[in-house]
Amino acid sequence: MARNSLATMQGMVEVEQQLQCEKAIAMYRQLPNVLIFTFVASSALALYFQEAASQSSLLLWWGSMQLVSLLRLGGLWWWHQSLRQQHQNYTQMIRLFMLGALVSGGVWASFSVAYFNDAPAAQRLVIALVMATIAAGSINVLMLVPWVGRLFMALLIGPLVVLFATTGAMDDLVVAGLSLALFIGLSGFARVSRDSALHLFAAARDKDRSIAIALSQRDELARAKDDLELRLAEQIETLQFEIALKERYAQELARVASSDPLTGLLNRSSFERELRQQIEMARANNSCLGVLAIEVLRFDVIELQGAVVSEQILLVLADRLKGAMPRGSLIARWGGSEFAVTMSTQGRKWVHEAALLRGVLQQPIETGAGVMRIDVMIGISAFPGEARDAEQLLYQTSIARHSLRQQGTGGVKLFDLALDVGIQQRQRLRRSLHSALEADELSLVFQPIEPCGTSAPRKMEALLRWDEPELGAISPLLFIPVAEESGLIVPLGRWVLMSACKAAAQWSGDAVVSVNVSIHQILGGDLLADVNAALKSSGLAPERLEIEITESVFSHDIDLVCSVLEQIRALGVSLAIDDFGTGYSSLAYLRRLPVNIIKIDRSFIADLDHDARKLLLAIVGMARGLGFRIVVEGVETEQQRNLLVAMGVDYLQGYLISRPISARNVAGWLSAPNSLNA
Ligand code: C2E
Ligand code: MG
Ligand code: MG
């Protein structure tokens, strides 16, 4: 409420100031005309009366009038100065103007008073005319301050009314009356003209205000527009930045999504996508396209050197592939140590080209762990050929590579349908193997391992047999890997352990049963528990059980393997390394395992020329020196037997001594004397 009335008062003060300003402007705008008119009228009057009045008094009057005009001219100058300096006090200026007007009115009045009585009738009328004219002319401006206007008119007309009225002449009385009427009329006219002036001022003010409001609104709008444009520009800039950022992210995401994080090569999904396009192009152009699936041989062994070395090798291989493959080839890391590339070659020299690539990849690699050599398996499939699309092409490369993996050697293999048949067979085996255990299709045979010239306990190696109803007898060399791949090896191995221990428990004497165990029974199962269960259930003394494990243990978590084997060894069970010499381990490396027997692979005695003998002798000597007992496998000839006996190996196993025999014949075998001790 108080705030509203304060605002109203402020508004009123502003309006009053505005009014004063308008009045002052109207007055001072008229002042030059007033001064000119005053000069002309006063000069004309003075000249006209120069014969009727004394010169000096006229000059004094005229001089006074000019002095007043001069002072008012000074006021006008001051007005303009203050306008220019913008610190006007309008009320003061109006007062000054009015003072000048009243003084000038006084000087005019003094003329009537001074010269009226001596003037003839005509001159008196001239005086009246001049005064009336001045009064009428000034009314417009002076009436803006009513009392000043009235006083000014009273000064000019009042003395004349009195003077004309007091001459006694009838004519003068009429003039006095007319002058009075003029005074009254002018007063009325002045009021009306003042009202209309104020009205005009108000209208002008309203107009000015409207214009000012319109202008300020226009300015405000212009400012708002500028502001809006600025914000819009900022928003657009931000938006553009964000769009650019998003595009960059999208590109980066696409790049990350389509590439292998380690090598920067294509990843599997982007390779497959682009391969489909290349196949379409090859189809359209009637050209050939080869897909190579490359895998580092025994990379699991390399990984034992640590992640840094493995990654170094993968990066070098990626670089070599990039360098070796022609432009337009797709190069991808498939995962792990597997890569895939496409190539188009004239004359379908796929195998030749792949062999060259293998040569490049086989070059020694400098790593943090020293110079390393790797080998690769390269499976190839070609389009057009047996495959119709990318999926089939990739399937065929993996079949071709798989066949190399089965052989366990590096090399190059072009897909052919026979390979696929092999794969199909394996899949069939896998399906059948599931039911083999329940269907009682599995059995054990035993192959004697005879001590040479000692009274050490005789041994029997339990070997698994599978009599598949449709396919007949299937070699463990075929179905054991299938069982390992499918995880079936764990229940299968458990069954072998149990059956072998039960069989051995029936044997008379201290004959040992030797059971082959897969590394997958340690990693994927609980071998210790299986051994314990087999011993407990059969009642076989632990010393009569021997576990054979191949050197592949070294390519897995060696600490875990050691700990399991140590616990088995602690039971009193013997541990043998089977097929010694075919894997990657050295004798010194073997000492990490709690193994006490090594079984030298039959490949060492297959062709016993001079060098082979020396090598065998060295191995035997070293193994003996390290405290291992030595079994030699695959003894087929007398010559081999004699040589091995002469070398002093502990046990011999092979067709010469005996082929694997059925379980029911073991008792008979053991009851006969050991031929090696004969
Ligand atoms: P292995 O453990 O080295 O077994 C010896 C293999 O060599 C047997 O083949 C045996 O019949 C054969 N052999 C023995 N003496 C001679 C010989 O003088 N000349 C030739 N040429 N061969 C001989 P088999 O029974 O076919 O077994 C092959 C492989 O299958 C075994 O090699 C073993 O690694 C695996 N295996 C067999 N049974 C089992 C089992 O119950 N569990 C596991 N995990 N693997 C088994
Ligand atoms: Mg064996
Ligand atoms: Mg063996």
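Heads up, the Cβ atoms here are built off N, Cα and C, so glycines get one too.
Taken from TrEMBL, the feature transmembrane segment applies to 31-49 (among others). Tertiary neighbourhood of the transmembrane segment (31-49): same-chain residues 58-59, 61-62, 65-66, 69, 72-73, 75-76, 79, 97, 104, 111, 115, 119, 123, 126-127, 130, 133-134, 137-138, 141, selected by CB-CB distance under 8 Å and a gap of 6+ residues from either end.
TrEMBL lists 61-80 (among others) with the feature transmembrane segment.
Under the heading transmembrane segment, TrEMBL lists 92-116 (among others).
Through the fold, the transmembrane segment (122-144) approaches residues 23, 26-27, 30, 34, 37-38, 41, 45, 48-49, 52, 94, 98, 101, 108, 111-112, 115-116, 152-153, 156-157, 160, 163-164, 172, 175, 179, 182-183, 186, 189-191, 193-194, 197 of its own chain, all at least 6 residues removed from its boundaries and within a Cβ separation under 8 Å. Annotation source TrEMBL lists transmembrane segment at 122-144 (among others).
Under the heading transmembrane segment, TrEMBL lists 151-167 (among others).
Summarising the annotation, TrEMBL assigns coiled coil to 211-238.
Here TrEMBL flags 287-417 as domain 'GGDEF'. Look at the domain 'GGDEF' (287-417): DSSP puts its residues at 57 helix, 37 strand, 37 coil.
Summarised as a single figure, the pLDDT of the domain 'EAL' (426-674) averages 91. Sequence annotations record features per position, and here TrEMBL assigns domain 'EAL' to 426-674.
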